[in-house]
């Protein structure tokens, strides 16, 4: 007797997992990565094929419609608001069912999936809303002229659906774990700092000092000004700004003049910041790859060892 149609070689090959494209990896070192998931599903498919038992593939099917956030599979969220903060940066709000919470630890991130010109892409973003926010979460997204994900994001309208998986991230903040956090952020690298800072100021028992340094091109380009001003009123929080394309203090509001420097975050300023911390700092760094690499080198020269800073 011949093989049943569903057991033919061609039928099995149609069930074989498709290897991801490089564009489908966000490059953030997530675990599981999209390639990890592919190799897991491939091993499951090979075992099922070898024993000619399709029931062994059911593990994949059980993950196809998750009811809550999962690192392995994407979940759909509706866009409920989209605010343009600057000419190229948006704060996007995604609805959560009922009054549910996203349940991320401060500083953890998610992976967004997009499709542009039939090409699937994935990128990592950190929600900026407090971890205990009910009914929604918010993400800061900067769009670039030549970015594929940027094209996808700029096509969004309120009511559209976006797909996320997670959470990811190996830095998990615990109250009073460090004497002082020195947060060094460039542009949207501010995002992972926001929920960590919020969790500290929301907790009356957390006595961690925070020095937050935001690096931007211009004063107008500073994200979340109101939030940062509110946070700086807490007894244990200081904020500083480094503006690379400004050169006149007179153009800044009075409240910013004493805490703003011009130029770039270089060795001298990093050493000054480390030196003026009230306790031995643990540094958190987030920005472009070049920024992160440069700042890590500056921190080492300022006397911080590898276990005294974390690079997002």
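Backbone N, Cα and C atoms are what each Cβ position is placed from, and that goes for glycine too.
Per TrEMBL, these features apply:
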- 72-174: domain 'FAD-binding FR-type' (DOMAIN)
- 123, 125, 140, 142, 149, 150: FAD binding site (BINDING)
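Mapped onto DSSP helix, strand and coil, the domain 'FAD-binding FR-type' (72-174) counts 7 helix, 52 strand, 44 coil. Those same-chain residues not listed among 123, 125, 140, 142, 149, 150 yet with C-beta within 8 angstroms of the centroid of the FAD site C-beta atoms are 112, 139, 141, 143, 147, 153, 188.
Its Cβ placed at the centre, residue 125 (FAD binding site) has 23 other Cβ atoms within 10 Å. Cβ contacts within 10 Å of residue 142 (FAD binding site), excluding its own Cβ and spanning all protein chains shown: 18. Residue 149 (FAD binding site) is surrounded by 20 other CB atoms, counting those within 10 A of its CB over all protein chains shown. Between the binding-site residues 123, 140, 150, the minimum number of other C-beta atoms within 10 Å of a residue's C-beta occurs at 150.
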